[in-house]
Amino acid sequence: MGIGRLRFGVEQAVTLHRQASGLVAAVRRALEMPTETGYSAESTAEQRAIVAHLTRTAAELAPGWLSSPLTPETPGSTEAPGGNRGNGIAGSIGAADQATPITLPALVRIGEARPLPDAAFPLLIPTLGKGHLVIDADARDPRVTALIRTVLLRLLATMPPRELRVLIADSATVGAATAPFRPLFEAGALPAPVTDRDGLKHVLDEAERQVKAGHKELPYLLVVVAVAPELLEPADAARIAALAHAGPAARLHLLVTAHAGKPLPNSTQLTLRKDHALLVSPGGETSTIPVHLDPAPPTSVITEVAERLAVEAALAGRTELASLLPAQRWAESSRAGLNATIGRSGMAEQTLSFDDATPHWLVGGRSGAGKTAFLVNVLYGLATRYAPEELILYLLDFKEGVSFTEFTPTERDPSWIPHARAVGIESDREYGVAVLRELDAAMSQRATLLKRAGVTKIGELPETIARVVCVIDEFQVLFAGNDKLARDAVDLLESLARKGRSYGIHLVLASQTVSGVEALYTKRESIFGQFAARVALPGGAGVLDPLNNAATALRLGEAVVNTSAGAPGHDTVVRFPNPHAEVETLAELRHTLWQARPAGSEPPSVFEGYAEQHITNDPVFGIPVHRRRAEVIVGRNVDVSGSTASFPLDASPGRHIAVLGPSEVGADILHAAVAGLARQHGPGDVRFLLVPLVAAADPVCDDVVVDLDRLGHSYEILDGYRLRNVLAEIADPATDGAQKPTYLVLFGADAASGLLEQRDPERRRSGIDDLRTVLRTGPARGVHVLGWWRGLRRFGEDVGGSSAREDVACLVTLNVPGAEVAMMLGQSQLDWQYRPNRALLIDRHTDRIATIVPYVRPGRYA
Ligand SMILES: Nc1ncnc2c1ncn2[C@@H]1O[C@H](COP(=O)(O)OP(=O)(O)OP(=O)(O)O)[C@@H](O)[C@H]1O
């Protein structure tokens, strides 16, 4: 072989390496050497000198794993082959103690160019930051498999894991070509190869996104296209050509196999011959210099490297919550919006914002898909990033579970997240609507502020106004029932979704069944249209466009994030941590945030739907207040603050309380009523007449007695006969004013009906007559009846039917059907269904009807 041929070969190498300026210069120098030194290049020795020079240059330009032979000299060692430090996994893993910085692997060895039968120089091809590699044979050819493995191993072993993503579409060998890299797939450090047409489309989507994003901070993306040629659709081939054109500028690089036809732009092209390969110039000209592709690296080497990289990736790409939290607490401003780190895509952190573009989020996922985990991560992330003056949280959970207990003080741990304003656990719809109302009111206040300041967004106000994030888990419960409550919820949500962005009020709606929200039917678009940010967890494809199948193959701990209202092609798959696995980290973080809370911070108001409510925890119980008139405390309102549910007692006719329904909670409500009253009167100022008429109430009555004794009150315990006499006494106008203010407490009042119905022939009155008189005239004389009737009908008959409705104005109904309550109230319909641990409070004088959580004695539901 003469120098002419060598010169041709080397010059072609120069052309092909045009973009690799370092190599071009080096090769030129090598070519110029004979003339400079005056030697004739005709001699074989001279040709050898050129080849040797090229070899040395190659080692400089592509050190370590990039170009050295991949059969390790010391088996079992993944130190950089060839003894080079700096460009290899040894360098990246031990980066801290490496003196040599990692250089970008712009050039990678794929084999040897052999211009002389006995002299070869390493063939380097331009890769990251430069160009693509294309070969005409498909991956079923073992030499192509070897090429893929060589390039992948060299690049993976060289690049820091965060800076190179690899996507593999391999229908040709169904993933076999890259099988030795399995440890990386299993560790989630690289996505496993996709092997079908849809998979290829997703890979190309992802590559196009990289090109569209176009900014320089993205990690490099290497896409291996090892598609069986018979499965490659022309449209996909066109997409690949377009990506080849635009890729290098956007850090996207291709390794394409089975490519026939026109050379792809920016590519090193190879054509396979029987025992060697040839380079094809961009113009399509085939060189004559034979290239011997490197054999596949030993599987053991690949596996060892992959395992080490998987460990490194696991460390670098940890998705533990702690690794996603900001280093500095409360360092960010919420003026322009809030950023939440939601997990990682590859090694890169993924952030989703609450701002003008994505003011509200919709999150979907089947039960057990990790929705709570996802939300808890987001909330801890936000609470660590933004100070309580910048962020307020409202957390509502409608399902059974403990999603947000994290954020509230408990008996065991008094700390709380200082941003949390209200937390609803197993919330009622009434509570949800109360929260939405509070937010709606906040929106109106903010609107006034903005108007006054002449601006349109809270970020433009001179002072910082905290942004509000309201998370509603299983929000579809709000709309169940298609009743007034559901309609109110829809209206409020629509208003918040539409206007919240300007006022810094952001919603996160999470659900298992977003698609089936019936009550939203007419308003679906106007509500969900405002939710540009969609997060689909496994089974949560309902939050995406019906044509978007990006969430089909998600695993636990993964989510598709889409900021284009779920439109196909705008999806990023993120991995998120499991906070339930980091209980200690969370507890520590909560304590740190709690300790740092601003002076005077109040704990969040907490609504626990399942919890028994006890009067001893009532906000006004036992606080000595000088009341003008007594209040009968019966439970807690289902509102944001969990305020006291009570009836004021005054002298107007009808200020008596009837608790209705067979549930024994009726007796407990009377217990609470007496306990509350007993603390509003001095000992001896009033008298309590206790009438335990049913066995079920005896223990309750005993507790009342103990309490009254302790407080030094005077009381009497009456049976049915004494009750009849007492009613007669009180009803007698002659006793007017002779008695102290009296509370007549009837435990199971219906049991006395038979006795009271009997007429006293002398007085020509029955006990029932006296009862009705007491009801009508008692309050004016300070006599109030507190009674528990187990049946509605009996109660109606005792008090005198519908004409006497006003004689008992304060009602608490328990397990009584809504229709019967409606009938008693003379209404056509009542949207109320009894649920355990709930009651309906009705005050006829104020037309107030509200769901309450009645006070019970501890252990009532145990
Ligand atoms: N990123 C994750 N990696 C691994 N396991 C996880 C991850 N996130 C959650 N899990 C686990 O999955 C299970 C379900 O999680 P989680 O309670 O968050 O789901 P969910 O969708 O809220 O379920 P449900 O709606 O039934 O309450 C839990 O056992 C949790 O530990």
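Cβ atoms here come from the backbone N, Cα and C positions, even for glycine.
TrEMBL: automatically predicted annotations, no manual curation.
Here TrEMBL flags Gly365, Arg366, Ser367, Gly368, Ala369, Gly370, Lys371, Thr372 as ATP binding site. The compositional bias 'Polar residues' annotation in TrEMBL covers 68-77. Per TrEMBL, the feature domain 'FtsK' maps to 347-546. According to TrEMBL, the feature region 'Disordered' maps to 64-92.
For the binding-site residues Gly365, Gly368, Gly370, the ranking by surrounding Cβ atoms (within 10 Å, all protein chains) places Gly365 first.
Annotated ATP site Gly365, Arg366, Ser367, Gly368, Ala369, Gly370, Lys371, Thr372; additional same-chain residues within 8 Å of its Cβ mean position, judged by their own Cβ, are Ala373, Gln512, Leu537, Pro538, Gly539, Gly540.
Of all Cβ atoms in the shown protein chains, 10 besides its own fall within 10 Å of the Cβ of Ser367 (ATP binding site). Ranking the binding-site residues Arg366, Lys371 by the number of CB atoms within 10 A of their own CB puts Lys371 at the top. Long-range Cβ neighbours of Ala369 (ATP binding site) (same chain, at least 6 residues apart, Cβ-Cβ under 8 Å): Leu537, Pro538, Gly539, Gly540, Leu556. For Thr372 (ATP binding site), the number of other Cβ atoms no farther than 10 Å from its own Cβ, over all displayed protein chains, is 21.
Following the DSSP three-state reduction, the secondary structure of Gly365 (ATP binding site) is coil.
Restricting the average to the domain 'FtsK' (347-546) gives a pLDDT of 90.
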